[in-house]
Structures are given as C-alpha cells and as structure tokens.
Ligand SMILES: [Zn+2]
C-alpha cells in the first residue's frame, strides 16, 4: 500500500529508458553527500533528498559520502543512525568511504571559530529577550536578530551564544546559482541578521559545521531539500570568510503532509521500510516520481531501478530550463 499520492515534476521532460549511457557525464572530482540527522528513521521525505543526491552522484560518476549530522545532542535518537544506514543499504544506496559523524569532528569547528574571531561576538540574549526587542522595534514578521550585543554585552550579562557579524550594504548580498532553481539572492543583513555559530547550549550551529565539513570532505556538489535553500547564503558567507571553495548547489522540493508541513518526525512521518514492506514499490518508485522521474511501475529489481532512475535524472537535469522555477509538485500523506 502506498502511503502517499505523487504527481511528478514536469514529467513530460522525463524518460524511462536506461539504455543510453551517453547521458551520464563523468565529472572528475565530483563528490556529493547525504547528511541526515539521526533524529529518527528515514521517512519518505528524507528518502527523496537521499535519492536526489545519490542519483546526481551516479549521473556524474562521482563519489557519494554519508555524513551523520548528530550535533544536536538533545534531538538525537539512540540507534537512529544505525537504522538510517540499514535503510539506505536495503534500498541499494551504497556510499563511498567511511561514514562520518559530526560529533567526532568538533575540533574542526573549534578551529574555524577561532579563525573567525574578528567577526564573532558573544551574545547574552535569551530567546525571550530577542522576541521582546523585536516587538519594541515594531518588527514582528522576521526572525532577524536585532543586534543587541553587537557592540558589547550589557553590564552584568554573561555570554550565552557566539554570533557571526554579517556585513552591511552591498557586501551583505549573496548570490548563488541553484542548478535547478536558477539564480538566488539573499541579503544577509536585512533577511537574516547576525547568526549563531555556537549555541547557548554549547552545541555547534548547523551553518558552521556544514560549511566546514563540505569543504574538508571535498564536497563539490550539494544536493538537498529546498527547506535548506534559505541557509545557503549563510554557508556561502562562511566559505568566503574561511577561504573555502563554494560547491555547486541543487535544491529539490520537499515532501509535505496534507497540512502542507514538511514531512518530519515532528509531523508524524513514519519510517518507509517498516517490517517486510516492498521498499521498491512503496518508497523508491514514489520518491522517484516525486522528483519528476517517470519510472516504469514494472521495475522489480533494485539494480534496474537505479540504472533507470540515474538515466532519467541525467536527462531531467539536461532538459531542465535554467532560471525557471520548477512546478511545485504535490505529494502528501493521505
Ligand atoms: Zn545578544
């Protein structure tokens, strides 16, 4: 039984044939990655992101690394990482090299924070204080930090978090090209504000860890869910400050439930490989269709599935009109 409906993205531009090999473009140095958080088992939403990055790596004959993003120790679930590895293997998605865990890479983040010292300052604000000062400033819509501690801590205040000062004016505007969505622009000063690198609970912030890891692991191509599109400019800024290369980015649509919420453990998403269900029919084929890959439902074999899906992905990208927003697909829980 399929647990969701799916309508393909621009399915008229897709093919099912895997007979041609000339659509695969070997790209020397291509290294991609899938970077799940071990907050629960993989569900259909995270499978879509995993599949897109895996197919992109295969289509470029590149490497595909697996990185467990387990820095939020309050949200980690025991054994979720093992469950994720098992699910990927059951789907026939084999990673290259050793799996890495961000919790084992913290000296790298410490080193990066030191390197950024000139742009980093301590922040003593609690969430409530930040919310209150936004209200006083008449700003209710944004999540932008009001800059309270930018010029130093108020007397008697102790540092809680460490924030990175974003530039002013033109220097705050970051542009990058998304391979699917086209040109993207974000003004870090007016849309984001000074952001946290080390949290009040002592945990490393996602932005810093990702920027450091992608560079240190030689990631050339980042393929991930569009829920992370908004964080890309912050990572570009960190790359600039740290002298790191900028990978190519591609963001795929995220799967939502009937209420339009991103599928996650918090919104009740279930593991896609419960018990002895048929992952090919119940998870892989629907996920591929969600990505806009028109796949034959007659596929019965994992090897053939990945051959077909890789060819369909390569052709889908080749035909994707640049600069055109993709049609928002519909795939939601019943
Ligand atoms: Zn502050």
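Just so you know, glycine gets a Cβ as well, placed from its N, Cα and C.
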Listed range which TrEMBL flags as motif ''KMSKS' region', given the options 257-261, 262-266, 267-271: 262-266
Feature motif ''HIGH' region' in TrEMBL, mapped to one of the ranges 36-46, 47-57, 58-68: 36-46
Site-mate of 33, 34, 35, 36, 37, 206, 224 for L-glutamate in TrEMBL, selected among 69, 110, 170, 282: 69
Binding-site residues compared (35, 123, 149) - the one with the fewest other Cβ atoms within 10 Å: 149
Where the C-beta lies under 6 angstroms from ligand 1, the matching binding-site residues among 34, 35, 125: 125
Helix, strand and coil counts within the motif ''HIGH' region' (36-46) (DSSP): 3 helix, 1 strand, 7 coil
Candidates 34, 145, 206: member of the binding-site residues with the richest Cβ shell (10 Å): 34
